[in-house]
Amino acid sequence: MPDSERKPETKPRYTPGEELANALTHGAGLVASVVGTVLMVALTATQGDGWQLASSLVYGTTLISLYTASTLYHALPTPRQKRIMRVLDHSAIYLLIAGTYTPFALVVLRDEGRGWALFGAVWAIAAAGVVFKVLFTGRLNALSTAVYVGMGWLCVIVARPLIESLDPAALLLLAGGGVAYTAGVAFYANRRLPYAHAVWHGFVVTGSLLQFLAIYGYVLVPAI
């Protein structure tokens, strides 16, 4: 079929009120991410070792990057700006997932081969995901969403050492964050319900908060 006859993929359309809600919800997440990252880095820089500090920096950077890209994507007004930020926004999802795994891989599971294997696997998937999004943003969205979810639950392959190494409260927070992210996908995929995307953002912020608490309170602090 000639290019001129191909129908472009339908993109989400938001009302001005919806777009404002989209920007504000992740703007709040951005502020919280900056505060949380400062706390993590201050803690590990003064009391931790190099692995803990590196994990804090990687995780915090990806957390801030996700919320910055998403907030700007929804806040910037012109189509060209939105196209650029959409690529960065969707790519940052892969980076945050890999960044969230990093403290568990480099602090909790580092002494086991599985920790390094997990670290390598998630960052390889993230790198491939970023390339995919640069080349195919706006296409194959169902596939990329499935990869996001699958990548997020890749932790099941190291469930046993995590269960043996982490406090039960940390496991509940980690799993709760995963459930929040996964449950929110239903709203992410819904283009008919008003403000569905802002609701999705609420699930994302909740998931981020729960997993931050697991990392800060039970991965970095006990290790110190």
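Yeah, the Cβs are placed from backbone N, Cα and C, and that goes for glycine too.
Note that TrEMBL annotation is computational and uncurated.
Straight from TrEMBL, the features:
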- H74, H197, H201: Zn(2+) binding site (BINDING)
- 20-45: transmembrane segment (TRANSMEM)
- 57-76: transmembrane segment (TRANSMEM)
- 88-109: transmembrane segment (TRANSMEM)
- 115-136: transmembrane segment (TRANSMEM)
- 143-163: transmembrane segment (TRANSMEM)
- 169-188: transmembrane segment (TRANSMEM)
- 200-221: transmembrane segment (TRANSMEM)
Chain residues in Cβ proximity to the transmembrane segment (20-45) (below 8 Å; excluding those fewer than six residues from its ends, i.e. six or more beyond)
14, 52-53, 55-57, 59-61, 63-64, 66-68, 70-71, 74-75, 195, 197-198, 201-202, 204-205, 208-209, 212, 215-216, 220-221, 224
Between the binding-site residues H74, H197, H201, the one whose Cβ has the fewest other Cβ atoms within 10 Å is H197
Zn(2+) site shell beyond H74, H197, H201, criterion: Cβ within 8 Å of Cβ centroid
Y14, E18, E19, A21, N22, A23, T25, H26, S70, A198, W200
Between the transmembrane segment (143-163) and the transmembrane segment (57-76), are there at least three Cβ pairs closer than 8 Å, leaving out pairs fewer than 6 positions apart?
no
Check the DSSP secondary structure of H74 (Zn(2+) binding site), expressed as helix, strand or coil.
helix
Counting only residues at least 6 beyond its ends, the same-chain positions whose CB falls under 8 A of a CB in the transmembrane segment (169-188) are 145, 149, 152-153, 155, 162-163, 196-197, 199-200, 202-204, 206-211, 213-214, 217-219
According to DSSP, collapsed to three classes, what secondary structure does H201 (Zn(2+) binding site) have?
helix
